[in-house]
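Novice: Shown below is the structure under consideration.
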Amino acid sequence: MTELNKLTVADSIKGLKNKDFTSTELIGAHIKQIEKHRNLNAYVTDTFDLALKQAEAADQNYAQNNARTLEGIPFAAKDLFCTKGIRTTACSNILKNFIPNYESSVTQNIFDKGGVMLGKTNMDEFAMGSANITSCFGNVISPWKANDDNADLVPGGSSGGSAAAVSGFMASAALGSDTGGSVRQPASFTGLVGFKPTYGRCSRYGMISFASSLDQAGIFTRSVLDSSIMLEAMMGFDEKDSTSIKAEVPELQSAIGSSMKNMKIGVPLSLGEGSIIEPDIMKMWQDTIELLKNAGAEIVDITLPHAKYGVAVYYVIAPAEASSNLSRYDGVRYGLRVERENMTLDEMYEMTRSTGFGEEVKRRIMIGTYVLSSSGMDAYYLKAQKVRRLVANDFNNAFAKVDAILLPTAPTAAFKIGEKQNDPTIMYLNDLFTIPASLAGLPCASVPAGLSARGLPLGIQIIGKQLDEYNVLKVASTIESGVKHIKFEPKVF
């Protein structure tokens, strides 16, 4: 029998319904795995007591035939989802001891469906990063190793703790947030399915903000079916979020295994990527195109002429919004306060923020403050907003001809911890392929599609039309079936 912590969400639900095991046993297996792999630093706060209580309640519901859709299923939450009475820090010193008195809508939705929370996962500070190396709790180590090297690898970011938890069988699923690729890129690096829904599909209420016009809750799972199950539970209109979309939550599970006949898949002729793409990524992309052709899809050449400006646009708009959102952390209302005798209010602000924020967060606040200044507004911010509109228009034009778009998720496989740290611009290019869809607010997923020559997982990205999560899952499921001969599992696990 498969170890309980290695079961997918779908198989766990089936086993619990058949009474093959209890939720208490399932949760116990995951707790044991978490304790065994503390060195990966995936979790920053455990909620084992809560999880065991929730599991006990789930077992009672199964006994009484009152089980909900996620009854007894273990999940983890990125540490920017506020959890009532449970520490929520965004992995920043400025919020290191913050305990919210309210629950985020997304975690509440999962609790309402019977989900069991194992804990809060590590992340880049305030979700700013691509390698999970800016957390005040230390970096996360990927469960994966290259087959020619034993060096520790990054899990991707900013949702690296969630990716490591699911990839390392320390959770069946895990919540992340995706602003410019923070679910999709870690999913690619760790051999997982990572899904970012349409902007507004999942409520942002109770999510600690980075860039409000881009932030969206996402999910990590080990199968496309699991992704559809979790998305159905997470999504839905929320009057507490002004950007929430008033649309029915679709039935998504029927997308799994659907025919690709008459599906048109767009492949961009160029994104101006040059030599940044590793050869392994190019081969995986071409192999996936052939896979979809053989499955009955029609491949259509498309152009996204403004996508090449995506990274530049993102690193104007996102820091601008961050500088505004993070201005609330001033040492007065909540979070860290640094003070000394005879200190003025301005000095207290300065000391608190300079002590509480890490270097990358301070860098982005400064960039954002500048582009919103009188000298930067016209030169940078307003121009970036105009180009953002052009990027969205490019997608609209493409989707007049195709049902989905296929791109690599990241230009490289996972890299060693410590690499690319000295030059922020090199790190920013990790999001080269994920940012354009974020700027347009589109649903997209990364699904494992191959292994590099060094044995590391490579993800392919599927981008769909607004509110068309169904077709994204349909294409992802076809790719998953086509590469089922590849085992996307870290060797030591």
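Including glycine, each Cβ sits where the backbone N, Cα and C put it.
According to Swiss-Prot, the record shows the following:
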ACT_SITE  LYS78  active site, charge relay system
ACT_SITE  SER158  active site, charge relay system
ACT_SITE  SER182  active site, acyl-ester intermediate
Novice: Near the Cβ of LYS78 (active site, charge relay system), how many other Cβ atoms are there if near means within 10 Å?
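Specialist: Excluding its own Cβ, the number within 10 Å is 32.
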Novice: Inside 10 Å of the Cβ of SER182 (active site, acyl-ester intermediate), count up the other Cβ atoms and send me the figure.
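Specialist: Its Cβ has 36 other Cβ atoms within 10 Å.
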Novice: If you measure SER158 (active site, charge relay system) to SER182 (active site, acyl-ester intermediate) at Cα, how many Å is it?
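Specialist: SER182 (active site, acyl-ester intermediate) has its Cα 5 Å from the Cα of SER158 (active site, charge relay system).
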Novice: Quick check: in three-state DSSP terms, what is LYS78 (active site, charge relay system)?
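Specialist: Where LYS78 (active site, charge relay system) sits, the three-state DSSP reduction gives strand.
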Novice: Can you grab the distance from LYS78 (active site, charge relay system) over to SER182 (active site, acyl-ester intermediate)? Cα atoms, rounded to a whole Å.
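Specialist: Counting only the Cα atoms, the answer is 11 Å.
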